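Trainee: Right, I'll just put the structure down here and ask away after.
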Amino acid sequence: MSSSRPASSSSSRNRQSSRARVLAQTTLDAELNAEYEESGDSFDYSKLVEAQRDGPPVQQGRSEKVIAYLQHIQKGKLIQTFGCMLALDEKSFNVIAFSENAPEMLTTVSHAVPSVDDPPRLGIGTNVRSLFSDQGATALHKALGFADVSLLNPILVQCKTSGKPFYAIVHRATGCLVVDFEPVKPTEFPATAAGALQSYKLAAKAISKIQSLPGGSMEVLCNTVVKEVFDLTGYDRVMAYKFHEDDHGEVFAEITKPGLEPYLGLHYPATDIPQAARFLFMKNKVRMICDCRARSIKVIEAEALPFDISLCGSALRAPHSCHLQYMENMNSIASLVMAVVVNENEEDDEAESEQPAQQQQKKKLWGLLVCHHESPRYVPFPLRYACEFLAQVFAVHVNREFELEKQLREKSILKMQTMLSDMLFREASPLTIVSGAPNIMDLVKCDGAALLYGGKVWRLRNAPTESQIHDIAFWLSDVHRDSTGLSTDSLHDAGYPGASALGDMICGMAVAKINSKDIIFWFRSHTAAEIRWGGAKHDSSDMDDSRRMHPRLSFKAFLEVVKMKSLPWTDYEMDAIHSLQLILRGTLNDASKPKREASLDNQIGDLKLDGLAELQAVTSEMVRLMETATVPILAVDGNGLVNGWNQKAAELTGLRVDDAIGRHILTLVEESSVPVVQRMLYLALQGKEEKEVRFEVKTHGPRRDDGPVILVVNACASRDLHDHVVGVCFVAQDMTVHKLVMDKFTRVEGDYKAIIHNPNPLIPPIFGADEFGWCSEWNAAMTKLTGWNRDEVLDKMLLGEVFDSSNASCPLKNKNAFVSLCVLINSALAGEETEKAPFGFFDRSGKYIECLLSANRKENEGGLITGVFCFIHVASHELQHALQVQQASEQTSLKRLKAFSYMRHAINNPLSGMLYSRKALKNTDLNEEQMKQIHVGDNCHHQINKILADLDQDSISEKSSCLDLEMAEFVFQDVVVAAVSQVLITCQGKGIRISCNLPERFMKQSVYGDGVRLQQILSDFLFISVKFSPVGGSVEISSKLTKNSIGENLHLIDLELRIKHQGLGVPAELMEQMFEEDNKEQSDEGLGLLVSRKLLRLMNGDVRHLREAGVSTFILTAELASAPTAIGQ
């Protein structure tokens, strides 16, 4: 598959290519199925798959064959034998279709149940109420009132004739209600709780194990889930089957009973699981086949029905003959499959929080959890539902792993782009990113790369020959003339005539055109080179029958399909290549236009004005909030000493503000809370802000006997103007009264209803459910918060009708939020200890409410769990306002970071133009003095590049990686001349004379060290000296060198530079900023001096400042190594 680079976004391109791929794949599926139906025993799977690969491209469209195939898949009229099925008319509740085994299963008379009436007969038109006891019939009829009838599954019903219990599993189909009936085994305790409540109890251990995983490894997550499903279901083999971008599948994780051949690492063609089957998995997320050898049961329909009854949603739907043969060939007699459905792309996560739940994001099938058994096996519906719930929890964690992988991937690509950009800006030639380290092969995963530049070719590793590169470039200019780039996983499929000559080792290619003649290529080998068989070695004497569908044959077919294909190029890889393409184009262009410089100046000016005003407003607002807030707010400095303690904190603890200031925070909290506060303080000082942390604060004076104050706290790192963390602010909420109320509930003492419905504002919003999942409590505070009255939500399903991801009273943001709520409530019902969890929902008016939710079990006098109580904690208006101000401050910082990024990028372009101009001048007829000036410009350019690289770092500190040193040979004369040149214009404006009393021996001395950093240091101190010199004054530079021998040919040089200037000297405030990193009023000049001092200390030196009558002197010291030769010798 190949594509020229479009103008649309990555997600748009992804959706378009996905739709095209599904259409093409569905056509292939239909052709395979038709061939199978027509061929019978002569069907040759391997040859047919290979023929599809080598044949002409399929015609995408709704051909008669495809439509017939889809109808055959979705409208089969057969069911499996482990239950029976009825289709009911919703208005009359009469039977309009039934399976042939339904009369026997539902109406057979049992001698253990005496009856004077004739047994009911089951047929078309029978009213279903006549078949079951009154309680069961009523429960079935109740399901009609639900928009989503599956909420009540399974419904426990009892036959009138036999008294046998059945699970009734209800779902809606076109024009009717389809009910599956599965008998309850005598050894099985029948499920009475609705839906997820009963299922969670079965899957609680497995869910807890998954929830406890630290994250960061998809492999660990998949291995854990297959192990838990293996223990939960008892199947012989459990696999995590992952779909790749091109729809082919891979056994990503596996566990088996001893003695089975492993399938781990096998890859299967996309046709092994047809697109129609994947669509059904999206609708019906659990699929069980009990016995692939059992005879299917026919479904009898009423005559002249105006519609076809679809069994797509039925758990009893019979599998198709092709799949049954595949199962038997691999000796898998029974199977259970759960769909793993995830978000289609990460961008939707950010958008969806701004929209009501009804506008659901797109989903995709990530893969399947597949269970196989070597003998017939039946899993009761409650356990299947538990497996489905477990798969939903697993999908939530898969989404999280995707997000984490995306962040790490973007960080890695950004780092590589920055390094390549710096290399380009230093040399202004694409050759540097081919011959240097890192190079273009480090940007994206590939097996080889090449650069075609100026008619010449540079090759890296597994790349075509020089003549083949020229041939590919000619083909691109002829066939893809208008595109700026190209990506393909198969040069053969893309139509390149020389693909066969390249062989299997070069199949995929990505291209970035710098201009019409200069091109960068990336190459990939065939996919089979990346695939490794993860199971047992194949016995060479065991010849595969190509007509016998089997996992090993599927693997072989897959290798044939991808023989001339590479791994596909992902959207993020192409975005990285496109970014490098833009950088290359900008670097190689001439000097930027003056308009861009003017735009940069304007944006910098606007940023300074807007940023300063916004920062002042935020600071004033924060101070006012802290003093007047009705929530406790406390602050500490970097040493943990209290420097903020508002009136609310003093009121709650009895400790006055004056008494609290200056005390260490750990002395003010209860001993049990010391580790919690220590951790919170440590992380906040590192810039990692924790939220919703609970700890207890001691009480003093008149409050001493009241016991500790319980606070739930958000930590906010306090930063200075230069973004250094200088302290921590704690915005808290008093939870003492809240805890007393909760304690009263958990003890189940007295009349709790009097508390629930108390209008006292101290009573938080509370709702509850009984052990069956029906909403049983909804207090006045909850009505005020949601807009829904008590009588509108009572006796509704809490999970599904009151709270759900769609069509509920209080819609949740997405399916992941619903799964998290299910886990929390069911954990409490299972008797587990739960912690507060972030929670959000849309109220009646559509406003999104963010809060904390805690769930607590409700017990009767005998200690049995009879339900769950849930407490909602919503932040006060003051706390919400404080968080908004904090968010505004963070947005201001983010704007500045983005501005820095823009400035860095925008500055580099004119610098590249200047570099180009200087290189062009070098090729002209210049005299020696003119060449020296060009050399000075080059040195200043290197200094700017070094400073711009520092902007990529998060902070400037002594331990920061941005203040690094590069060891290289340089001459003092180059450093001094370049540094002095940077202040000459200022000197001319003030009439200041600079004299360099430096001996020639010093100027010609060749040394090892970081000459660019030394140049930066010298220029900074020269600038300060000139700035604070009087008009008409002078600045003098002198030096002293001391050599210390540390070997025969190696000496250490102790360098001392003195910069003396006239006048009153540098202000004391500015000098303090040079020595004090945490100075809150640090100026630009102060920061420059601070950085220069840090650089000197990295060179084992320092700076001193002497002030005499009318004269001030900076004394700079550093340690360097002497080079073996000197210039001119």
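The backbone N, Cα and C atoms fix where each Cβ goes, glycine too.
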Trainee: So which range, 1-24, 529-552, gets flagged region 'Disordered' in Swiss-Prot?
Mentor: 1-24
Trainee: Considering only Cβ pairs under 8 Å, which range in 618-688, 748-822, 902-1122 makes the most contacts with the domain 'GAF' (217-402)?
Mentor: 748-822
Trainee: Just how many other Cβ atoms lie inside 10 Å of the Cβ on C322 (phytochromobilin binding site)?
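Mentor: I get 15 for this one.
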Trainee: In DSSP terms, helix, strand or coil for C322 (phytochromobilin binding site)?
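Mentor: Once the DSSP labels are grouped into three classes, C322 (phytochromobilin binding site) ends up as helix.
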Trainee: Could you break down the residues of the domain 'PAS 2' (748-822) into DSSP helix, strand and coil, giving a count for each?
Mentor: 24 helix, 16 strand, 35 coil
Trainee: Can you work out the mean pLDDT of the predicted model over the domain 'PAS 2' (748-822)?
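Mentor: Its mean pLDDT is 81.
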Trainee: Sort the residues of the domain 'PAS 1' (618-688) into helix, strand and coil with DSSP and give the three counts.
Mentor: 40 helix, 12 strand, 19 coil
